[in-house]
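Have a look at the structure that comes next, please.
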Amino acid sequence: MAKNENGPLFETRAVKGRFLFRLFAASMAVGIGFICYYRLRLLPVASGKLERWAWIGLFHCELWFSFYWFLTVICRWNPVYRFPHKNRLSLRYEKELPGVDIFVCTADPSAEPPSMVMNPVLSVMAYDYPPEKLNIYLSDDGVSELTFYAMLEASSFSKQWLPFCKKFKVEPRSPEAYFRTAVEPDSHHPLMLKHWLFVKYLFPF
């Protein structure tokens, strides 16, 4: 555990295919160089002022777009992915994590059925965050009795859903999304199967 606490909080991995992009960028840079050479080498001298200024204007536009392209290439030259180690973050800073207040808003139960509202509420209640620092509020502007009783049902169901999420590392943590996509555990995992069937049976939405 001490090793995890002192380890890096994220891992950096290089994006594949960087060589091809750099080869393409190098060929573009060579092409831009030839264009600049062409504009400078064949600058109209004997022609009229209008042709000369038109040539200079085109050259300045090309210089501007070349500069813009150069900036975009710098940003893409060495792309990487960052993979955070959330377990290490929790082990190292769990006592210093701030309190979080989450507001879920609803107004009309006919336009926003209670099942659509309660699933997000249950999802945020199951966040992997210290429960004593997490507060969830439901704001019902329509003052609906239907939403109130749905909240009571969700509160009762959360007593089974939250331990189930924590014990079996459930993802996603919205009950509706989870039971719609999850596959029923097989007989090789009897404990999880028992809890899975029980929680699904209690799911009121």
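Glycine is no exception: its Cβ is also placed from the backbone N, Cα and C atoms.
TrEMBL entries are annotated by machine, without manual review.
Found this in TrEMBL, in case it helps:
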BINDING   E112, D141  UDP-alpha-D-glucose binding site
TRANSMEM  20-40  transmembrane segment
TRANSMEM  52-75  transmembrane segment
Near the transmembrane segment (20-40), which residues from the same chain, at least 6 beyond its ends, have a CB less than 8 A from one of its CBs?
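Residues 55, 58-59, 62-63, 66, 69, 73, 76-77.
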Using a Cβ-Cβ cut-off of under 8 Å, list the residues of the same chain that are 6+ residues beyond the ends of the transmembrane segment (52-75) and lie near it.
25, 28, 32, 35-36, 39-40, 43-45
Taking the Cβ of E112 (UDP-alpha-D-glucose binding site) as the reference point, list residues of the same chain whose Cβ is under 8 angstroms away and which are at least six residues distant in sequence.
T106
